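Enquirer: Before anything else, here's the structure in question.
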Amino acid sequence: MNQPLTLTAAQKAGPKATVIALGLALAVLVAMPLLHLLPAEHALHVSAYTLTLVGKILCYAIVALALDLVWGYAGLLSLGHGLFFALGGYAMGMYLMRQSAGDGLPAFMSFLAWNELPWYWYGTSSFLWAMCLVVLVPGVLAFVFGFFAFRSRIKGVYFSIMTQALTFAGMLLFFRNETGFGGNNGFTDFKTILGFSISAPATRATLFLATVALLTGSLYLGFRLARSKFGRVLTALRDAENRLMFCGYDPRGYKLFIWTLSAVLCGLAGALYVPQVGIINPSEMAPTQSIEAAVWVALGGRGTLIGPLLGAGLVNGMKSWFTVAFPEYWLFALGALFIVVTLYLPKGVIGLIKRRGE
Amino acid sequence: MKTVPCSAVIDGFDPTGGGLTRDAIGLGRVAEKGLDVRHGTILSLEDINVSFDGFKALTNLSLYIGVGELRCIIGPNGAGKTTMMDVITGKTRPTSGSAWFGETLDLTRMSEVDIAQAGIGRKLQKPTVFEALSVFENLELAQKTDKSVWASLRARLSGEQKDRIDEVLETIRLGQSRHRPAGLLSHGQKQFLEIGMLLMQSPQLLLLDEPVAGMTDAETEFTAELFKSLARKHSLMVVEHDMGFVETIADHVTVLHQGQVLAEGSLQQVQADERVIEVYLGR
């Protein structure tokens with residue numbers, strides 16, 4: 001870890017090239033939902049499949065960015081970020097289920113012969129309250145977990161294992177029908193959001209644009225944090241926590257802040273993922289999902305903010321292609337990719353681009 | 001905490017300052033407090049005992065450091081020098097005994113962070129700097145300022161603070177390398193950077209664990225000059241094996257052996273002491 005990881009691609013490849021690349025990417029992402037609104041016969045029409053796929057990848061990119069903030073800067077490798085993503089998704093899903101159920105109970109509850117809503121479902125028919133839950137549930141869980149973990153000075157691999165256990169426990173809990181979140185089927189069959197049909201092109205386009213806005217906002221926030229003194233303290237914390245304490249900084253507050261912020265970003269990404277993809281179930285909390293997120297960050301280059309976005313895009317793009325072309329080989333390809341990155345690209349794709357640029 | 005009108009409050013501190021505030025998670029902390037040193041003693045260790053699983057690292061250790069003093073601590077390996085520094089900085093809690101900073105701050109009850117903010121700076125045995133950050137940024141993080149999360153989010157360097165960093169860069173002779181990542185510095189330069197970081201903290205008491213290890217002769221000489229010039233404004237406790245270096249800087253030497261003070265006095269005095277020769281100098 002003796003390399004200046006805080007140097008961003010922007011500083012190395014020249015700020016101009018990065019700004020142009022980012023601008024182009026943003027223009028394409030804004031154009032896509034607009035082209036989706038064109039009639040289906042039009043040559044430039046973007047299909048609902050493509051739009052959903054890209055929207056899904058963008059949600060994953062936000063997770064990658066959030067994970068980079070805690071792993072790349074503060075050195076906390078979380079193998080449980082899928083939990084925060086899924087919780088945000090479930091909070092949004094509760095609202096969508098209430099929308100499609102109207103005045104009745106959500107369908108899965110009727111199957112279980114329940115007569116009334118569990119207490120934690122109250123108020124979820126309100127979009128505003130659902131949005132509050134999207135932020136509060138992952139945020140409060142991360143805060144409480146982080147408070148105790150950082151107070152006990154748990155770090156390194158022990159911290160990673162605990163986050164992994166946390167998401168696994170969450171998955172087992174949500175698999176149970178009695179938990180009241182639809183068991184292993186989760187939530188699906190959504191119909192409307194805020195009264196608009198969820199499959200209408202205009203709704204899809206709006207959700208997509210909201211995702212692009214969240215991604216851009218998160219990236220901006222990440223850059224501001226990384227360049228502030230706060231970001232430098234995080235880097236210092238990652239490399240020499242003892243030294244930082246002898247300088248008079250209390251690492252706990254710093255870790256807790258970035259950890260909670262990261263969880264909230266994941267929750268928001270999950271909330272945008274669910275209406276676009278149309279389903280949320282406990283498999284989103286599976287440990288492998290969270291590990292895959294770490295692969296995106298490592299592949300893109302941690303501590304670079306832009307790298308993890310590329311990583312999430314590349315891996316998920318490959319995944320959709322592989323699962324169509326050679327479905328049985330995807331996991332081998334993912335494994336091989338991770339090995340190659342670890343052995344030959346310690347600083348990820350961004351590191352490779354930088355080296356080319358020099 | 002009781003506040004007494006006192007004459008010996010060290011530079012720039014508010015003599016009417018109250019006790020240290022404890023913040024559960026360190027999100028909003030008030031840093032500055034006055035240090036009461038009216039008896040001229042900045043650090044008092046009394047009957048300190050530390051044992052690890054039955055092994056007694058420190059036994060009834062008592063030691064006093066005066067304001068503005070430069071004290072060298074010598075002793076063979078395993079004498080308890082680093083453990084003593086751990087006790088002072090709050091890393092290790094003594095099983096019994098008391099440790100006071102000034103007259104009123106009980107170090108055995110304060111957290112590591114509180115102790116650092118109260119004005120005790122420590123240089124570790126192995127040079128430890130923030131390798132991914134530049135030399136300038138290392139000094140920036142170390143400077144004496146509000147170190148809470150909220151303050152860091154909004155922090156901007158003032159002209160005065162920049163000047164102070166430049167001044168320290170000049171003092172530690174790293175002006176040329178200000179934008180280099182600290183990880184690329186040589187071993188000796190890292191030692192100087194760490195000393196510079198201590199200066200930025202402007203602590204009243206500096207604990208330095210083998211500061212000249214791995215330095216060239218010229219660097220060692222320069223360090224000696226630097227420490228002597230610091231001694232008037234700060235109190236220093238230096239652990240060192242290099243006898244030549246100790247001879248140049250120390251007015252007072254304490255010899256530790258098996259967790260106890262074996263001898264104390266000028267270097268000539270302790271070098272003449274029979275017991276010291278037996279355990280340490282006359283190998």
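Each residue, glycine too, has its Cβ placed from N, Cα and C.
TrEMBL lists these features:
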- A:20-39: transmembrane segment (TRANSMEM)
- A:46-67: transmembrane segment (TRANSMEM)
- A:73-92: transmembrane segment (TRANSMEM)
- A:127-150: transmembrane segment (TRANSMEM)
- A:157-175: transmembrane segment (TRANSMEM)
- A:205-223: transmembrane segment (TRANSMEM)
- A:256-274: transmembrane segment (TRANSMEM)
- A:329-346: transmembrane segment (TRANSMEM)
Enquirer: Six or more residues out from either end of the transmembrane segment (A:20-39), which same-chain residues have a Cβ under 8 Å from its Cβ atoms?
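Expert: For the transmembrane segment (A:20-39), the sequence-distant neighbours (Cβ-Cβ under 8 Å, at least 6 residues beyond its ends) are 45-48, 50-51, 54, 58, 201-202, 204-206, 208-209, 212, 216, 306.
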Enquirer: Near the transmembrane segment (A:329-346), which residues from the same chain, at least 6 beyond its ends, have a CB less than 8 A from one of its CBs?
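Expert: For the transmembrane segment (A:329-346), the nonlocal Cβ contacts are 292, 295, 298-299, 301, 315, 318-319, 322-323, 352.
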Enquirer: Any chance the transmembrane segment (A:205-223) and the transmembrane segment (A:256-274) are in contact, meaning at least three CB pairs closer than 8 A with a sequence separation of 6+?
Expert: yes
Enquirer: Which residues of the chain, 6 or more past the ends of the transmembrane segment (A:157-175), have a CB below 8 A from one of its CBs?
Expert: 76-83, 86-87, 90, 145, 149, 181, 183-184, 186, 282-283, 285-287, 289-291
Enquirer: Using a Cβ cut-off of under 8 Å, list the residues of the same chain at least 6 residues beyond the transmembrane segment (A:73-92) that approach it.
Expert: 59, 63, 66-67, 124, 130, 133-135, 137-138, 141-142, 155, 159-167, 170, 174, 181, 186-187, 225-226, 231, 234-235, 237-239, 254-255, 258-259, 262-264, 266-275, 280, 282, 284-287, 289-291, 293-294, 303
Enquirer: Checking distant contacts: for the transmembrane segment (A:256-274), what same-chain residues at least six beyond its ends satisfy Cβ-Cβ under 8 A?
Expert: 55-56, 59-60, 62-63, 65-67, 69-70, 73-74, 76, 78, 81, 84-93, 96, 131, 134-135, 137-139, 141-143, 146-147, 150, 187, 190, 207, 210-211, 214, 218, 225, 230, 234, 280, 284
